[in-house]
Amino acid sequence: MSLDHEYDDKKHADVYSQQVGGADQIHQQQYTEEIVPQEGLKRSLKSRHLAMISIGGVIGTGLFLGTGSALAHGGPLGLFLGYALMGSICYSVMISLGEMISFLPIPGGHIKLAERFVDPAFSFTMGWNYWYNWVIILPAELSAAAVLINLWNDTINNALWISICLIVVVVINLFGAGVYGECEFWFASIKVLTITGLIILGIIITAGGGPDHKSIGFQYWRNPGPFVQYEGISGSLGRFLGFWAVLTQAAFSYIGTEIVAIAAGEAKNPRRNLPRAIKKVYIRILVFYLGGTFIIGLLVPSNDEGLALNSGTALASPFVIAIKRAGIPALPSIINACLLTSAWSAASSDLFTSSRAIYGLAITRQAPKIFARTTKNGLPYVAIIFCALFGALAYMSLQSTAGQVFGYFANLTAAAGLMTWWGICLVYIRFEKGLKDQGISKSTLPYTSYLNKNAFAAKYAMVMITIILFFSAWSVFLKGNWDTATFVTNYLPLWLFPILWIGFKLIKKTHFVRTTEMDFVSGLDVVEAESYEEEPPKNFAGKVWAAIM
């Protein structure tokens, strides 16, 4: 039985109109002029694009490569539990975001919603934090792509590979959201096929179907054991610290699933397609992350030396380590090629998301107006070109000193991503309170989840994210492990977030939006006009495709 349910858009429109007394004309005019200018973004992302964008946000190098170091830190059971707990937090954030963004799929996504339901200063903070998060990850992904190519050819300077990858990513984005969505569809399809194939292959190897015909079963759970004693610390404390190290790694692996909210302003038939994309996030978490981490725990012992190589190529993947142990040739190069497309996909999404984030700031007058400029086809070309310039930071990775500085910038993004999730939860809690105080029933929303009754899921995620952020750099406090750079890069975003929020409030003298004054009306007519009934599939193949997408 599904945890979520959709409601008919027409029913929603009728009931909602009765409750709020129709849309206020002044609000509607303000929305038309400020949020969706005539030259604004165009809805060109199809249902299958949104589905794969949401999948692409879940599957990345964190699953292919990051799980290796997580297994070495926490053991097979610690690995599985860490990713399971973080998966529950990710799902809680997504259903909270899904309820809001399905109701108001507007440009700027959660950045604009923060202005409506919390405070303009909070919107400013969320927007610039989010922009920084993705504009800095862009050069990091370009550097990662160059390292992946080194598996085949390490004689050519990485500057060439970085340049080629950057050009490809910029071209994809300059062709508009439709082309970006199409490329992301195929990139994400490769990732889905890769992880699905690796999970199936892992099951076969575990059962003894590899060339060595050696059945593994749960032998690595018995020896070296289900948990790892972190840094040699004995007892339950060492096992718990190993699990917590996995949890911190898993938190950063899941960041990016919320990209679908930024894409909402360019989604076709948003009232139908956004709920479809978000409702199936939990299936992807269960199948890909929990299924993948469980199989990894069976395939590779946590004390395997290959897990500590950290080469940045497919050789560091626990799947590849298992394949080599089973005696299967050639696959490392194939997987490395898939990882390369994954890096391209991530870089393309980084540019798309960062450009839409600064566009959202511009249309709320919290960034220079020039970033709100678009072509007649709805392409925010100024925002894209500006964000693409930050891709040049990837060249810093070519020199050791500059590379170290760039590494600090990249590390800051991990905590910034979790701060975004924390902010989304706060916006949802205020959103739900506003619905109650204005007498609007949640059953009239296009999408809602039973788990978010009284904002339970949002509050759960908010508390857990706070704990994870607070203890994100706990390892530096172990004896002999102090590292100033790690401490600063983990905790600086936690200081900057309230500084930006309070600073903007003091300068602009903004006020929190009262629940009775929250605007649930502006833009509804535009959204309703762009929603329509879709023809149901007429044959079996169409029904299967609709179910997958």
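Backbone N, Cα and C define each Cβ position, glycine as well.
Feature annotations, reproduced from TrEMBL:
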{"type": "DOMAIN", "residues": "49-513", "note": "domain 'Amino acid permease/ SLC12A'"}
{"type": "TRANSMEM", "residues": "50-71", "note": "transmembrane segment"}
{"type": "TRANSMEM", "residues": "77-97", "note": "transmembrane segment"}
{"type": "TRANSMEM", "residues": "131-152", "note": "transmembrane segment"}
{"type": "TRANSMEM", "residues": "158-180", "note": "transmembrane segment"}
{"type": "TRANSMEM", "residues": "192-210", "note": "transmembrane segment"}
{"type": "TRANSMEM", "residues": "281-300", "note": "transmembrane segment"}
{"type": "TRANSMEM", "residues": "378-396", "note": "transmembrane segment"}
{"type": "TRANSMEM", "residues": "408-429", "note": "transmembrane segment"}
{"type": "TRANSMEM", "residues": "460-478", "note": "transmembrane segment"}
{"type": "TRANSMEM", "residues": "484-504", "note": "transmembrane segment"}
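Counting only same-chain residues 6+ beyond the ends of the transmembrane segment (484-504), those with a CB under 8 A from a CB of the stretch are 120-122, 124-125, 128-129, 408, 411-412, 414-416, 419, 469, 472-473, 475-476, 510. Beyond the transmembrane segment (192-210), the same-chain residues lying 6 or more positions past its ends with a Cβ under 8 Å from any Cβ of the stretch are 55, 59, 63-64, 216-217, 288, 291-292, 295-296, 298-299, 319, 322-323, 326-328, 335, 338, 342. The predicted model assigns the domain 'Amino acid permease/ SLC12A' (49-513) a mean pLDDT of 86.
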